[in-house]
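*Asks:* Take a look at this one; I'll ask things after.
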Amino acid sequence: MRLLERVRKEWFMVGIVVAIGAAKLEPSVGVNGGPLKPEITVSYIAVATIFFNSGLSLKTEELTSALVHLKLHLFIQVFTLAFFPTTIWLFLQLLSVTSINEWLLKGLQTVGCMPPPVSSAVILTKAVGGNEAAAIFNSAFGSFLGIVVTPVLLLLFLGSSSSVPFTSIFSQLFMTVVVPLVIGQIVRRYIKDWLERKKPPFGVVSSSVLLMIIYTTFCDTFSNPNIDLDKFSLILILFIIVSIQLSFMLLTFVFSTRNNSGFTPADTVAIIFCSTHKSLTLGIPMLKIVFAGHEHLSLISLPLLIYHPAQILLGSVLVPTIKSWMVSRQKGVKLTRPTV
């Protein structure tokens, strides 16, 4: 019974495993030109559905509630979309001389280029008791920013423009991401009261569509006889991903707790999660667009598929520790305040 409850709670993680397993059993169903017609249903309909859903669920006022804390927002966005991908690129120059599969290494670079997720960083910040408003703003703002910045970073670091025209990427992104998002926000204005009363399962809808995208991505993988992935590379990539997450969490903690940083303990909590988490919901559709038709798309996507559950699991494990630190630091601040 406890196992069933756990499966129900972690249904998306289980769904990823099932989707990959189903793709392995019968990859012909989800390949381009197959019965599911992913070149239409995934590339356009599924991606547009995810972002229309995001437009419906995202409260516009959340983007302005924490707008005044410019220093915090600048720190998070620069770390996420500049420092993170650049550091990963430098690190990969060292790893390029190893025997690790080159497409997995390219996948690690794509992880660095991704924007923050809309949900997980906010959920963990709230669980700790950190600055939730800042987490909401930066997750939402970072997602919007990522629509433009992430494709540019992918083209810059991976040079995929040789196979996919730059204008083609942005036209498809505009039609499948920006337009549905804006339409979702417009529709939300007219049914706002109903949405707040009924609270539709937006997260479940987006995650379900995302599982379809993951399934068709791996159908392409398993139907390609040229792909060869050794277990050593896979295990090593998992170790590298966890090491990257821990290292960057420690870095953001050190930077944001300096005496002259100007950040509160609650701000630091939001910074730790928002600066180091990467979006799977935005990432996979973007990779599908930027690397459309690429024979190694699934290998490029694999590090992000590993990074996403790893960041949630690692963050969940660290919640009690970070919460204990924040509470003790806040008590210390109160005790050191001069009495009037």
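Glycine residues also receive a Cβ, built from the backbone N, Cα and C atoms like all the rest.
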*Asks:* Identify the topological domain of LYS231 and of GLY293 in Swiss-Prot, and say whether both name the same side of the membrane.
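*Replies:* In Swiss-Prot, LYS231 shares its side of the membrane with GLY293.
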*Asks:* Pull the DSSP breakdown for the topological domain 'Cytoplasmic' (185-201) and write it out as helix, strand, coil residue counts.
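*Replies:* Secondary-structure composition of the topological domain 'Cytoplasmic' (185-201): 14 helix, 0 strand, 3 coil.
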*Asks:* Against which stretches of its own chain does the topological domain 'Extracellular' (32-37) lie, if we need a Cβ under 8 Å and a gap of at least six residues from its ends?
*Replies:* 216, 219-220, 293
*Asks:* Out of 72-92, 139-159, 235-255, 271-291, 299-319, which stretch has the largest tally of CB pairs under 8 angstroms to the transmembrane segment (202-222)?
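*Replies:* When the Cβ pairs under 8 Å are tallied, 271-291 comes out ahead.
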*Asks:* Can at least 3 Cβ pairs under 8 A be found between the transmembrane segment (117-137) and the transmembrane segment (299-319), with each pair 6 or more apart in sequence?
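*Replies:* Contact between the transmembrane segment (299-319) and the transmembrane segment (117-137): present, because at least 3 Cβ pairs are under 8 Å.
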*Asks:* Against the transmembrane segment (299-319), which of these stretches has the most C-beta pairs under 8 Å: 38-58, 72-92, 271-291?
*Replies:* 271-291
